[in-house]
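Feature list (source: TrEMBL):
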type     : residues : note
DOMAIN   : 110-537  : domain 'Acyltransferase 3'
TRANSMEM : 67-92    : transmembrane segment
TRANSMEM : 113-133  : transmembrane segment
TRANSMEM : 153-179  : transmembrane segment
TRANSMEM : 213-230  : transmembrane segment
TRANSMEM : 284-304  : transmembrane segment
TRANSMEM : 359-379  : transmembrane segment
TRANSMEM : 411-428  : transmembrane segment
TRANSMEM : 523-541  : transmembrane segment
Amino acid sequence: MQSLVRYLPFSPTRLGDRLGGGVYSLLRNNPSSPLPRDEEGLDSDDDIANEKFASQRWPSWRRIPTLLFRLIAALYLKFLLLFIPSFIPALYHRIRRSPPAERKKLSATAYLDGLRGVAALVVYIFHYTYLWFPILRHGWGSSEKPGEDLLFWQLPVIRVLHSGRASVTIFFVISGYVLTIKTLTLIHQHKGGENGKVLDALSGSLFRRPFRLYLPILVSTGIAAIMVRFDRQYHIYQEGAPPFANNMSDQFWHWVHMTLDMANPFRSVVARQNLFNNAYNEHLWTIPVEFKGSLLVFVLLLAFCRTRTWLRLAGVAGAGYWQMVSGDSDQTLFCAGLLLAELSILLPPHNFVYSGNKWLVRHGVTVIMFLVAVHFMSYPENFGPKSPGFRSLSASSLLPKFYTGNEERTQQFWISVGSIIFILALMYSPPLRQVQQVGGGEEKEQQQPLLQRLFTNGFAQYLGHISYSLYLWHGVINHIVGMRYLHPAWDVLQAKEIGAQSLEEGEFLAEAASVRAASMLAYFWKWVPAMILNTFVLFWVSDVFNRLVDVNAVKLTRRIGNWAMAKS
C-alpha cells in the first residue's frame, strides 16, 4: 500500500487539511458563524486560511473539520488503492518523470523469477490466441495445400512466443530448482549434523508447500463459484464449465468436492492423461502435478541428503530417467531442476572470470544452447512430423520408445528437453563485457549475464511478481471478457466460411477467396481491441489479487509454518 501512496501527487493528510481548512474558512466568513471574521470579508487565498487553521494557536475544537476530513480522505484513499493496479501509479510516475525510487538489488536467481513471469504471460497468450486462431496449432509448412500454414507466427523459434505447453515445462524445472536450492546449500555447507539444519529446512518446505499452492486457489475458485450464481453468461461458451446448481448450498458443496479432489497429488498420470480438471478453472490441472513434483524432490533430498554427492546426483538422475521412460515426463522436469540447483552449487556461474578466448567461447556455447533450446520448445502441437525443422526430430533415434508414433508425446519430449537446456544456457551465460581479474582473485565488478537480461528487466520482474495470480485468473478472464465479446464475431466468421465453401462448390473460386479475405479482416479488427481489453482486465485483476490475496497467503503460510514447528 505504501508503494502506491508514494506515487500520488498528494497525500491523504494534505487532502484532509485542505478540505478541512476550506470548511473552516467558509464558517469563519459566514455572518452567522460564531468564528472570528476577517476584517475584509472572505479571504482571497484559501492557503492563508489553511495555514492559520493548521496553527496550534486555534482552540482544539476548531480543528474538528480538518481532523474529520483527514480521516475520511485517508479511509477513502486506502479503500481506493486496494483496487488500483500498481502499474497505473507507476506509469503516472514515469510520465511525470519524477525521480524513480531506488531499485532493489536483484538476487543471483532473479532471472528465474522473470522467466516464470514471462512463461505465465505466454501461457495466457497461448490459451487466448489458440481459442480464436486454432490454425496456430499447426506446424509451419505442414499443409500439403499451397499457401496454407505459412503464417509468420507458425515459424520455428517464433512459435515459442505462444507455446504454452513449453512454458508449463519451464514452470516445473524452475520449481524443482527453487524448492531444493536452500536445502542443497545447507547440505554442501555440512550443516546436517547435530543442529539438524537440513532436516529443519526440508521439513518446513514440505509442510508449507500445500498451503502456498492451495490458499490462493481456494479464494480464486471460490470467487468463480459465486460468479456462476450471479453471471449466467460465465459458462455459456465454456466447455466443461461448472454446473449451475439448484441453489447456493449445492453450488458450495460442488465447489468443495472439486477442491478436495484437486488436492490429491497421487493420481496416476501417464503422458498427461487422466489429469485433474477443475470445473471452476480448467487450467488448474498443473497444480496436482506441481504438488506431486514437490513431494518427489523432497523425498529424494531426504533419501540422499547424507550420501556422497556423486551418489545423490546419480540417484536423482536415475529417478528422473525412470519417470521419463514411464511416460510421466513432468516429474522428470522436477528432478532436472534439482540437478541444476546442485550444479549451480558445485560449479557456481558467478565464480568464473570471463576474459579472452574463454569469454568468447562461453558466449558462443550458451547462445547456441539457447537457440537449440528455443527450437525444441517451439515443436508444434499438430503435424510436427510434417513440419520443416521438426521432421528429423520426430524420427530421431534419441526419442524413447514411449514417445514415438504419437504427436502429443513427441512434442512433450522435445519441449521438456528444450526447457532444461534453456535454463542451463541462462544459468551459465557470461556477461556482455569481459570481466578482468584483479588482485586476490576477486572480480572487478559483477556484471549481469547477457542472456539473463531478457528476464531481469522491470517488466519481466513485474510479471514474475504477479505470475501466480496471472496463471490463476487468465482462464476466468478469457471466458468472462474475451468469450463475451468475440464469440459473436466467431459465429459470423464461421457463417462466412460456410458461404465461401458453397461458392467453391459452384466453382466461383475468386468470389470465395474474396469472401474469406473480407471476413477474416473484419474478424481480426474485432479481435485486436478485444485482446487489448482482455489483457488490461487480466493485468488489473492479477495485480489486485496478488496484493490482496497472494502476498498475504505467503505471509500466512509462513506464520502457520512457524506456529506448527515444535520448539527444541
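For all residues, glycine too, the Cβ spot is worked out from N, Cα and C.
Outside the transmembrane segment (113-133) by six or more residues, the chain places 160-168, 170-171, 174, 283, 423, 426, 454-457, 460-468, 470-471, 474-475, 478, 482, 486, 490, 527, 531, 534-535, 538 with a CB less than 8 A from a CB of the stretch. Nonlocal intrachain contacts for the transmembrane segment (213-230), taken as residues 6+ away from its ends with a CB within less than 8 angstroms of a stretch CB, comprise 241-242, 244, 248, 251-252, 254-255, 258-259, 262-263, 278, 280-281, 284, 287, 290-291, 468-469, 472-473, 476, 480, 545, 549-550, 553, 556-557.
When the stretches 153-179, 284-304, 411-428, 523-541 are ranked by Cβ pairs under 8 Å to the transmembrane segment (359-379), first place goes to 411-428.
A Cβ distance under 8 Å defines the sequence-distant neighbours of the transmembrane segment (411-428), meaning residues of its chain 6+ beyond its ends; these are 111-112, 115, 163, 165-166, 169-170, 172-174, 177, 271-272, 324, 329-330, 332-333, 336-337, 340, 343-344, 349, 362, 366-367, 369-370, 372-377, 379-381, 384, 390, 393, 399-400, 403, 449, 451-452, 455.
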